[in-house]
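Trainee: Once you've had a glance at the structure underneath, I'll fire off some questions.
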């Protein structure tokens, strides 16, 4: 029965992620398909910009070229519903791999695993990463990140060969998503840590040395260095070679971090409730563990399981680092979840060693049956309320977020087809697939690319600055404008209360706060004519001189 309940839990996650994915269409999905289609037709990765007219002819690097190609093939041959199912399974795979990772570490260090607390953390973490799942490349990259840690944690003295599995992993990772840089950074961090630890360990008190894992010898540290060098070399196996790093180096400008929703800090935009739940559970667990361990140490100094290995400090440091990253940008929460769950499992297992009576005892059959039926019922309901979007670009629910009506109007106007178009950033990807013969102003790619003295995203936001709209429209010779009517975000009482605190003042500044300046200019200018409006968008056309 225990195995049946665990399988049912993962079936529930599959249903839950499928339902979550069905509710929103990723803004980048359209341009991923468009680029993937071009790769399929030309047989090579793109080198030259031919989608946005301000960047026309410039060199660009598609660091997700393989993912774009696979997305297009999947969409063309199997349809969007199949992609929804595949990406929901990828999200489940990520959670399952994190579960196995926690158990692997528990076995290595001799930690106890409490099944109930482990699945509480798994469930809360899954709720936290749900907002980041979708038919999007980031969802496919998360399992690679967890595979990376599986290889690292499977490594032990005398088993250095397993580290070399990182080399083919980096070849695949590099061609799928730019997050491979995090893997390289972690290898550098591991090298630094193990070399520093080898210097510090001999100077620690004897009872600490007894309970901590010993440092790596020079042979194993050299093996790690070799693996890093081979992995770094493996990242050059891509269509762009070293030019890939030239492109990724443009991300040093941080303007996009404060103007694109998924890159905003955790305290900006909508309150990330489930992420707070998971983080609060983990922080509370750490505090309780330290308090109890400190009390036992005072009561019986040096006698609290003296032969038991304690958690390696680098695992704690790693968890704290990714917690900081998740605060700095909400899109990093899935990485924090993957890294922190082993620590959560270890601490909760030590604090709650008793398994209670969920899987044994007189009430076991009743509790197990009730839990199984509840999981199956909730899973079935997820499929009932899911949005089955066969065509995501015309689906009624998705058209509440994308300009379906405005686009249908534009297509009926022959005079508008060749006019230079200025469009909303979040609609660029959708338009790139729906209107492939049209050059757009921006489609969601390369927000950080240099454009004059600023980035392209900064150039885009200048259209929304006070007293700049007219100048920018004239400078870029825009004749047709498709603008989004910004709707106020729905906020809870808690969020309204947080907005009153100075620390959370940045929440009010996220997004295109100056959106109305452009619309106000277009409405009042004698050079522009209003031609269409729906619940989501407005269209303006430049009047003939």
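A Cβ is built for glycine as well, from the same backbone N, Cα and C atoms used for every other residue.
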Trainee: Looking at 58-75, 184-201, 202-219, 292-309, which one does TrEMBL call transmembrane segment?
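Mentor: Feature transmembrane segment in TrEMBL: residues 184-201.
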Trainee: Quick check on the annotations: TrEMBL lists transmembrane segment for one of 133-152, 333-352, 393-412, 413-432. Which range is it?
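Mentor: It is 333-352 that TrEMBL annotates as transmembrane segment.
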Trainee: Does the chain bring the transmembrane segment (310-327) near the transmembrane segment (184-201), so that three or more CB pairs sit under 8 Å (pairs 6 or more apart in sequence)?
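Mentor: Between the transmembrane segment (184-201) and the transmembrane segment (310-327), which are separate recorded stretches, there is contact, as judged by 3 or more close Cβ pairs.
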Trainee: With CB pairs under 8 Å as the measure, which of the listed stretches 222-242, 333-352, 364-384 comes out on top against the transmembrane segment (110-131)?
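Mentor: It is 333-352, which has the most Cβ pairs under 8 Å.
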Trainee: Hey, which of 78-98, 162-178, 184-201, 222-242, 333-352 has the most Cβ-Cβ pairs under 8 Å against the transmembrane segment (271-290)?
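Mentor: Per the Cβ count, the answer is 333-352.
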Trainee: Determine which recorded stretch among 78-98, 162-178, 184-201, 333-352 has the most C-beta pairs below 8 angstroms with the transmembrane segment (222-242).
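Mentor: Per the Cβ count, the answer is 162-178.
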Trainee: Rank 78-98, 162-178, 184-201 by Cβ pairs under 8 Å to the transmembrane segment (333-352) and hand me the top one.
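Mentor: The listed stretch sharing the most Cβ pairs with the transmembrane segment (333-352) is 78-98.
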